[in-house]
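Trainee: Annotations for this protein, taken from TrEMBL, read as follows:
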ACT_SITE  Ser234  active site, charge relay system
ACT_SITE  Asp333  active site, charge relay system
ACT_SITE  His368  active site, charge relay system
DOMAIN    205-418  domain 'BAAT/Acyl-CoA thioester hydrolase C-terminal'
Amino acid sequence: MKPRINISSEDSLADEVIGISITDLPASSPITVRATITGDTGEIFQSHAQYVSSNFGKVDVATDCSLEGSYEGIDSMGLLWSMKPAKGQRLGLRLSKRDVTKPYMVKLEVFSGNDEEPKDLITMATFRRHFMSKGVRRIPIREGRIRGTLFVPQGNGPFPAIMDMFGTAGGLIEFKAALLASHGFLAFALAYFDYDDLPKVVTEIKLEYFEEAAHWLASHELAIPHGIALMGVSKGTELVLTLASYQPNLIKAIVAISPAHAIVAIPLMIRGKPSAFIKFEPEFTKMSEKGVLQWGDTYPDTITTDDLSTIHPAMVAVERIECPVMLVCGEDDKSWKSCRMGELIKTRMEKHGRGEQCTLLCYHGTGHLIEPPYSPHCGFSYHKAYRMCVAWGGEAKAHAHASVDSWNKILTFFRRNLSIKSRL
């Protein structure tokens, strides 16, 4: 019989585990499995793993050991998270979903032998990884000044509502909101610059814009009344924490991924006045031999010390936040010291009797870009705002573990604090 690839689900959500096995192989034979994804702008990511089939001619990725390749050991999803840009492409590629209405098509190829550059193809198959489950609706939003996309779960509602925002990448990034809607949340991906008629370049950010967006979502007919949750990453964490400190009755839960405890680099306009902010210290930046910028040490030590007796005016008044807060940090964050700043957020909340509200997750070997699970680890990428490659950090296997663990805890956190039962 001809060897065959068996996939437990040809259509699955991007954060779901699937089973992959190869059967009808020659007994005890070496094979190489290669996985390929072509991104929405044509970038190609690949991985490969080398196995030896069993006495029955079978390889099961979930239980059999990858001897060499993009990852080693037993990992059912290793072929996905260990992907890297294929050779011959420009430096700094990142696989990031731009069109969530279309799934990623994953191509699996099985070759005989354990060659580094396998050529003898014996079978192949494809499967799809979706960011929107069946029945989820995607609705572009232009309400007043607000720009973004609302994702509505299947069903009649009302649903627990979450507003999601990213960092300095700009534009409208939808993949997290789409996945959240696939898990039963009314999820709003909010843009705040470099999208539609919003400012192309961000030189100042107005808190009132985010307040308007939060009130709009909270009053939506499909939202469960009496408050929403916020999720932000990187620069977005400054915004969600500040927003919650000014709207404590509206915000019911916060997830801050790779957080900052202060306003950094760009002032926040609050009630018409610019906030204090922490300036970059460019003399502390580092540049690798490949031309990758690392700016994790570009902040004054005074803003990352344990001494809270003197409160820096740029620090967010997190003691005014009344809802549960989850901070997700990587110990190898090369963008900024997110674990250190997460500790300072928790310490400040503890000092004001709010320590029990704050959950701090710090992951070993994990970088800045902690995303939903099984996406390829990105240690650095080209940043269009800075026109160069920027280091994010992380070791692929540890970072992959953190992505799985934190995403499951994030979903549980939102369900618990927004009164939703698991839809998994």
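Keep in mind that glycine also has a Cβ here, set from the backbone N, Cα and C atoms.
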Trainee: Take the domain 'BAAT/Acyl-CoA thioester hydrolase C-terminal' (205-418) and average the pLDDT across it for me.
Mentor: 91
Trainee: Where does Asp333 (active site, charge relay system) sit in DSSP terms: helix, strand, or coil?
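Mentor: The three-state answer is coil.
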Trainee: Run through the Cβ atoms and count how many others sit within 10 Å of the one on His368 (active site, charge relay system).
Mentor: 27
Trainee: Measuring Cα to Cα, tell me the gap between His368 (active site, charge relay system) and Ser234 (active site, charge relay system) in whole angstrom.
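Mentor: Per the Cα atoms, His368 (active site, charge relay system) and Ser234 (active site, charge relay system) stand 8 Å apart.
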Trainee: Between Asp333 (active site, charge relay system) and Ser234 (active site, charge relay system), how far is it from one CA atom to the other, in Å?
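Mentor: It is 11 Å, counting Cα to Cα.
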Trainee: Within 10 Å of the Cβ of Asp333 (active site, charge relay system), how many other Cβ atoms can be counted across all chains shown?
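Mentor: Taking every protein chain into account, the count is 27.
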